[in-house]
Structures are given as structure tokens and as C-alpha cells.
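Since the structure comes first, as C-alpha cells, the remarks are kept for the end.
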């Protein structure tokens, strides 16, 4: 490969990471915060198990965007690896990245499973869709993923870069854990497994919701189930496309010799993968008219109007009468 081609792919990696990555970062953090605003402001969502899972997913997405995507932009866009300067930052960053990714995927998978249970014909399954159980389940998964992250904190260390011997970088220093990281974590836990679960239960939930209108269910509950099912089903399709390209790229690049071209493909794939964490709010706004109305209600009535009333009250002054 000519030096001009090498320079082209290196520069292209920088441009894609900086401009595409920064756009995803800003849009994702803003969208995540708006998601939290809606889900935490409305009692309907606060008491619903599926919405609870989506709330936790939004928290996890923001954390990942602020840690994983930010470091991806700095390293691949600007060529600065902060992990090479501090072993504490190296370990904490990877620990938070794995925790936030796994909690996000866990939450969306549980949300889709929850909607499958909530829309089942058999009332027996409905009891498994409740907010109390959802909290216990997520606490259990949180504890499990916290323990799962311990090897990340142990085996990621500051080492000399294989690309540039004059540069330090944050990398795995244990051969066995490196194999688990490549196949168990990257390929299975954040690739094939959530892809399979989301696809399977999304299809089952879609089948259930087709007959939802023919069952004797309170109107409010029926409309909420339809709304949430529609939201998570479209998100499942969106996630399927993103995760599928990530899995295919990861498998193919593993058997290909590393070059600047393959490095660009890897950088682009990871950047696209981060779209998963940035997209939920915009998906909900596009596919759900009711969510758009709820968003306007929360933003205008719950926040804007309250601020206006508070300012009016603060600006009101009572006449002072003094005795002379």
C-alpha cells in the first residue's frame, strides 16, 4: 500500500472519529437527559417496569457516552491516549465502560422481555411484569456486572504501545483474559447475546401485541402497553442493524492482518456501534405520537410553566405599612 493511501486512511479515521463521534456524543447525552426527564417526571412511567428498565438504560447510555465514546474520540481522533499517562484512569475507564455497556444491553433486553410478558395471552405471565420485581432483577444484574468488571481493573495496565515504542497505552496484560475479552466480552456479551435476545423476544412481543385490542384490558393499560411495545420494538430493529454490523466486522477483522485500512474499518464500526447508545430518545420521538405529547407536556407544563410561576411569585412584593 502506498504512503499516500496510508495517509488517506489515517486522516479519514481522524475525521470520522472527530466529526461523526462528536455529533453522536452531543446528540446522545442530550437525548439521554431528555429521556430521563420524561421517564422520571411522569407517574405513569415511574410505576411501569418496562419504563423503569428504559430509565436505567438511559443512565447507562449517558455514562458510556461520557467514558467510552469520549475516550474513543480522544484516542482515535486526536491521537491522545490518557490511559497511557495514568494507571488509575486506565483501569477505572475500562471498568466503567464494561459496566455501562452491559447494564445498557441488560436493560433493553429486559424491557423487551417485560413487554413480551405484559402482552401475553396467559395472565400467569403478567405477574412477572411488575416494578418491584424489576428493581430486584436489575439490582441483581448490577451486582453481577460489578463483580464481572474486577478482571478489567486487574488486567488492564499501562504498557508500551506495539505500534509506537515511544508511547505508552492502556492494554490487557493477561493472555487468558485477552482471549475472554476478544471472544467472551466483545463478540458474545456485547454482540451476539443481546442481538439474539432482542430479536427473539421482539418477534414474540410483536405477535402478542397484534391481538392486544381483542382482550379485556383497561384502556389506559392497553394504550401504555401498545406505546411501550412499539417503542422497544423499533429500538430492537435499530439495535439489530447496529449490532449486526459490529459482530460481522469484529469477526472478519479478527482473521485479517491489521493495516491502516482495516484500522479505519474498525474505528468506523466502533463509532457506528456508539449510535446504539445515542439513539433511543430520537427513536421514541419518531415512532410514538404519545411520547411526543408526553415530552411536550413534561417540558412545558412540568418545567417551563413552573419556572414562570416561580418567577412571578418571587417578583411579587407586598406593600410595606409602617407606623409613624
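Here the Cβ of each residue, glycine as well, is placed from N, Cα and C on the backbone.
Marked as domain 'G-protein coupled receptors family 1 profile' by TrEMBL: 31-284.
Residues or ranges marked as transmembrane segment by TrEMBL: 16-40 (among others).
TrEMBL lists 52-75 (among others) with the feature transmembrane segment. Long-range Cβ contacts of the transmembrane segment (52-75) within its own chain (Cβ-Cβ under 8 Å, at least 6 residues beyond either end) map to 17-18, 21-22, 24-25, 28-29, 32-33, 35-36, 39-40, 45-46, 81-83, 93, 96-97, 99-101, 103-104, 107-108, 110-111, 114, 131, 134-135, 138, 231-232, 270-271, 274, 277-278, 280-281.
Per TrEMBL, transmembrane segment is recorded for 95-113 (among others).
Among the features that TrEMBL reports, transmembrane segment is placed at 133-163 (among others).
Feature annotation from TrEMBL assigns transmembrane segment to 183-207 (among others).
Here TrEMBL flags 228-256 (among others) as transmembrane segment.
The annotation transmembrane segment is assigned in TrEMBL to 262-287 (among others).
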So if I exclude everything within five residues of the ends of the transmembrane segment (95-113), which remaining residues of that chain have a CB under 8 angstroms from its CBs? That is, six or more out. 50, 53-54, 56-57, 59-61, 63-64, 67-68, 71, 134, 137-138, 141-142, 145-146, 148-149, 152-153, 185, 189-190, 193-194, 197-198, 201-202, 205, 228, 232-233, 235-236, 239, 276-277
So which residues does the transmembrane segment (228-256) touch in its own chain, when a touch means Cβ under 8 Å and the partner is 6 or more beyond its ends? 48, 50-51, 54, 108, 111-112, 115, 118-119, 182, 186-187, 191-192, 194-195, 198-199, 202, 205-206, 208-209, 262, 265-266, 269-270, 272-273, 275-276, 279-280, 283-284, 286-288, 291
Could you tell me what the rest of the chain brings near the transmembrane segment (183-207), counting residues at least six beyond its ends with Cβ under 8 Å? 98, 101-102, 105, 108-109, 112-113, 115-116, 119, 229, 232-233, 236-237, 239-240, 243-244, 246-247, 250-251
Same-chain residues near the transmembrane segment (133-163), Cβ under 8 Å, at least 6 residues beyond its ends: 49, 52-53, 56, 81, 83-87, 90-92, 94-95, 98-99, 102-103, 106-107, 110, 114, 169-174, 177, 180
